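Down below is the structure, laid out as structure tokens.
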Ligand SMILES: CC(=O)N[C@H]1[C@@H](OP(=O)(O)OP(=O)(O)OC[C@H]2O[C@@H](n3ccc(=O)[nH]c3=O)[C@H](O)[C@@H]2O)O[C@H](CO)[C@@H](O)[C@@H]1O
Ligand SMILES: C=C(OP(=O)(O)O)C(=O)O
């Protein structure tokens, strides 16, 4: 598709201000939570991204009326007609995002059955759903996995369960939350994920009338209730998008004020950004990120579940690390195939070597399994414009950063993928003085 190519003329520092709205990894899940309410919900700070459109379409298919509110970024979700909806053409939603798997609990509670089409999301690893299916069975659901999707049934009301996750999976923790809140009795979830987006989903559910405690040591306890109401909630800002722009400022030698960025959910990122040599200044409305001049420092880094360094921050940071002096080590412990995007950076002039061994301090699940999941980045490198094909969401944004930091022109193919998680990024690039144009 020719209109899906962006020509990026690099070498200009990004400077100016952009605004990040609600988190891609919270908003679609809060929209799913609205399915559990007996009354309408109001979600605020909703970004205009494709994952939101996908979930909106799926909710509408299930009889939820979704419309914009009086203010930009407001969604009103009315689930009162879910029981009478005729669900047609659901197959059209196959492969669109990972969110459909979270419809299981709410649909089982409301209808006693659910069909979930094939999932999408970024190809950064195998991304099985075995934990999801296991926990749904613990609640008493039957699951029939077929090539076209999942067929689930709840012969009786779902019952609370004692569950321990093999790994603190974000999606499975959300699956448990969205199912346990209306299950009979109590649920104890051990080894839960505790990402800020999960805490915000818990806040949404608490507003609806759910009873959830987040204890120490990754334990979440939920007491099921018979009825939940709608909610009124302002989504937390997107800490992943904010960090992406921070890396763009660092890699291009620029200065970007990210309105909406918040310190607390970004603490781990901010520490790393500072170690690399980036500067930032925090105020009540956002965070300014800039390159203070001089050399950037190489670092050793491992991605991890929260409160560790988020895997979604890794790819944009790697581009900035190509500009640091010395050898940086990045050990990716969350997804086994999230470093493949670096081969294109090497074509641009970076020196990044991938290893199968765990090069960080901690052996991870992938160490003995032949995955290239550690990287050594030798810098600083002069990047040159190149022909780039976007592999996944963060990899795609990382290619944009690399192209903007490079000398010469790059042609970035598959640019539309970035709309899945970055609101209005073309306008933001223009506001920051980037020299970009659609190719033809
Ligand atoms: C829409 C959304 O919120 N996406 C985020 C979510 O993805 P998502 O919820 O899919 O990620 P998970 O936390 O579930 O996955 C973490 C790890 O657990 C494994 N796993 C997961 C489920 C399962 O049933 N079996 C299994 O083995 C995965 O393959 C992966 O290695 O959390 C990730 C980790 O912070 C982020 O990178 C994604 O941006
Ligand atoms: C991996 C990501 O998302 P998803 O789970 O939606 O594929 C991401 O946001 O970087």
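Cβ from N, Cα, C; glycine included.
Quick look at what TrEMBL lists:
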{"type": "ACT_SITE", "residues": "122", "note": "active site, proton donor"}
{"type": "BINDING", "residues": "24, 25", "note": "phosphoenolpyruvate binding site"}
{"type": "BINDING", "residues": "98, 312, 334", "note": "UDP-N-acetyl-alpha-D-glucosamine binding site"}
{"type": "DOMAIN", "residues": "9-429", "note": "domain 'Enolpyruvate transferase'"}
{"type": "MOD_RES", "residues": "122", "note": "2-(S-cysteinyl)pyruvic acid O-phosphothioketal"}
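Shown on the structure are the features that TrEMBL records.
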residue	record	DSSP (3 states)
24	phosphoenolpyruvate binding site	coil
98	UDP-N-acetyl-alpha-D-glucosamine binding site	coil
122	active site, proton donor	coil
312	UDP-N-acetyl-alpha-D-glucosamine binding site	helix
334	UDP-N-acetyl-alpha-D-glucosamine binding site	coil
Taking residues 98, 312, 334, which bind UDP-N-acetyl-alpha-D-glucosamine in the record, the widest Cα spacing (Å, whole number): 16
Output field, UDP-N-acetyl-alpha-D-glucosamine shell: CB within 8 Å of site CB centroid, site 98, 312, 334 dropped: 25, 121, 122, 124, 170, 311, 335
Nearest-integer angstrom distance between the alpha carbons (Cα) of residue 98 (UDP-N-acetyl-alpha-D-glucosamine binding site) and the residue listed as 'active site, proton donor': 9
Model confidence over the domain 'Enolpyruvate transferase' (9-429), averaged pLDDT: 96
Top Cα neighbour of the residue listed as 'active site, proton donor' in the set of binding-site residues 24, 25, 312, 334: 312
Sparsest-packed among the recorded positions, when each Cβ's other Cβ atoms within 10 Å are tallied, from 24, 25, 98, 122, 312: 98
Set of same-chain residues at least 6 away whose C-beta sits under 8 angstroms from residue 334 (UDP-N-acetyl-alpha-D-glucosamine binding site): 303, 304, 305, 311
